[in-house]
Each structure stands twice: as structure tokens, then as C-alpha cells.
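*Asks:* Here's a structure for you.
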Amino acid sequence: MIIVGLHFLLVPFLKNIMGEAQYVMQDAALMNYIDRRILSLENRLEKCNQDILDYVEEFRDFSKMVLSRLSGLNSYKTEVKDEVENLLTRVERAQRDIDYFGSVRDSKTCVEVDEDLVKQQLLEEAEEKRKLKVILNASCDHMLAGVKSLKIVKKTGDKHGSWMKDPGKKHAKIYLLNGPVNNVIFEFANIMTFMESNHTLKARRVILPFPWEGTGHIIYQGFLFYHRHGSLNEILKFNIQKRNIVDHMLLPGAGRIPAYQLSPSTKIDLAIDEQGLWAIHAEPEIGGNIVITKINHITMSVEHTWDTTCSSKDAEAAFMACNTLYVVYNFPSGGTSRIQCAYDVLGAVNTYEIPVLHFPKRQGSHSTIHYDPKEKQLLAWGDGSQIIYKLQNQQKG
């Protein structure tokens, strides 16, 4: 009886224990399954994070490439815009030439010339010349007859540079701009201060926001006019006292080749004479000959342009004096500089009758030659030396 009783007690107990063990095993399997799922999710999240990092890095590289391409496109846009403006200028000139030749060419058919038409054309040409004289305020009656003497004021700076006075101001300040690319102007109180041994100690330094290119800059009425470095043909107008850019312009047709073959760093040479601001450059469409442009220095706009007969080949510098361009030539290895081409924009001088004018007592080359209309002399930079040339003039005509 006792054994039977124990049997009835043990059977439910064992069933209960086995049931609980089965539940424990089921829970363990479930936990193991959940752990595997969580681990799988963690692996997927880690892979997702790595993919995101890879995508971010690829996007950064793509962004850099896009920005680089956009920068290049902006540069190309500027170049294309300049080329289009230059092309439009050339087309306008070509159209004027076509109209002119179309009006004066001989017809193969027998056509009687209309005298009234000829008179009208002559009147228009005379009116054009009159307008040019008004624009230039033509009061110049002298021309260059010779370079009679020189004075080496100082020897300082690089082989290439420029020094000048401001002919539009009453002060006697001297300005020195050293090198074909720079952004520092040295301003001296007068020529005596400039001639002292250490020129930088007593000079006022003026820092430009953009560097210049070449040596063809000029100072006039308190402003520095210069070709901006890195641009094709942009001319900046800089207020020296206030130290800021006040205006700019693009010079059509300029900047593609050097203005002078022997001074390759200068693409645009700016000049001052009795009539104001000029630009000198060369154009490949006319065989590399020199082009001169009269610029209104107040509005920074082109007033008139002339294609000259003076070649830029073997030229080292040029200057404007009394509405006339004088081009200075030399040998590639250096030698005696000489003026052997001149071009009077008003036709008052027969340029073919001007003799070759040699610079005196000096062997070498010039990087710049500027005309000072106030003193009627040349300020030149030759192989690091600052030189003054005295001129000999004679009456035109």
C-alpha cells in the first residue's frame, strides 16, 4: 500500500519536473534564437553604417569634383565672354572696312560717279577728323627730333620694373613698382628721397588688392592704372590714397600676345601724354602689329582705336607723346635702343620721313619707357637702372 501510494505521489511530481524542464529547454532555444537575430541585426547595422560612410566619402569626392568643374566652367565662361567681346569688336571693324571698301571700289560696270556722294564722303571724313581732334583736344604742335642725353638716377630692383611721376598732380612724388608681377608700390616724397641708398626705409608702401602683370602700368591724377595679373585684358583703376579699386574695364583685342616681342611679360602697356590715357598692345589678326587705344580715364571706356603700321617684332618698349606713338626697338641679345617707327593718330606727322633715333651712350635693354608730359622727358627702366632721358623736339609739319 505504501508503494502504491508513493507511486501515485511520484508520478505527478515527475511529470511536473519534466514539464518544467521542457519549458526551460524551449526558453533556452528561444533565447538562443533571439541572440542570433540580434547579432544578425547588429551585423547588418554595422554594414549599413559602413555603407553610409562609404557613400559619404564618395559624395565628398563627387562634390569636390563638381566644385572643381564649376570653377573651371567659370574660368572658361570668362574666357569665352572675353573672346566673344573681342570677336564682336573685330566684326564691327571688319564691317566698317567692308562698308568703306564697298563705297570706294571700282565697279566693273560703267557707272558715273555721283559728285554729291563724293563730297558727302569727304565731308564725313573731315567731320570724323574734327571729332577726333575734339576728343584729343589737339593742341600738340611738336614732335620728337632726338634723344639728346641720359641720367642714371639710381640702380635698384629687378631687371624688370617701372618708375614714374604723376603728371596729373602738382606734387613731386616718385613711384617705384618692382618686378613683372607684384602688388607693392613704393611712394617717395621726392627724387632726392628716392636717390638715397636705402630706398625702402623712407618710402610709403601701398599694397594692392590684386597684383599687376607686366611693367606697363601708369599713375595719373592720383590713380594707378594697371593690367590685373591672371586676367586676359582687365585694366584696374586704383585710388592710391584711399587704397581701393574704383573702376575697371576690359580692353578689346588685347592680352593674347605680348605688346613687344622683347618684353614678353607685358601684354598691355599703358601710357600718358598731353591728351591723357592710352593703351598699347599687339594683335595677331594684323600680323602682330601694334594697336593703340585712347581711353577715357574717368569713365574707363574706349574712345577710339587705331591699327598702326609699327611691328611688335624686335620691339622692347613704346611711349605716346603729343598724339604720336614712338616704338623702341633693340636686338634680342641687347644693344643700342632705337626709335624707328612712329605713328601719329591725327596724321599730322609723315611717319615715313622720321629718321631712326638712337638712345645715347648706353648698351642694354629697357623693360619700360614712360613719357612725362609735364617735364617733356622719358623715365625708363633699363636692366635694373632708373634712367631719365632728355628729349629734343621740333615743330610738326
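Each residue, glycine too, has its Cβ placed from N, Cα and C.
Automatic, uncurated: that is what TrEMBL annotation is.
Grabbed the feature section from TrEMBL, which reads as follows:
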type: COILED; residues: 38-97; note: coiled coil
type: DISULFID; residues: C140-C322; note: disulfide bond
type: DOMAIN; residues: 139-395; note: domain 'Olfactomedin-like'
type: SIGNAL; residues: 1-21; note: signal peptide
*Asks:* List every residue in the same chain as C322 (disulfide bond), at least 6 positions away in sequence, whose Cβ is under 8 Å from its Cβ.
*Replies:* C140, D141, H142, M143, D273, E274, Q275, K396
*Asks:* Tally every other Cβ atom lying within 10 Å of the Cβ atom of C140 (disulfide bond).
*Replies:* 19
*Asks:* Along the coiled coil (38-97), what average pLDDT does this model show?
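*Replies:* Averaged over the coiled coil (38-97), the predicted model reaches a pLDDT of 76.
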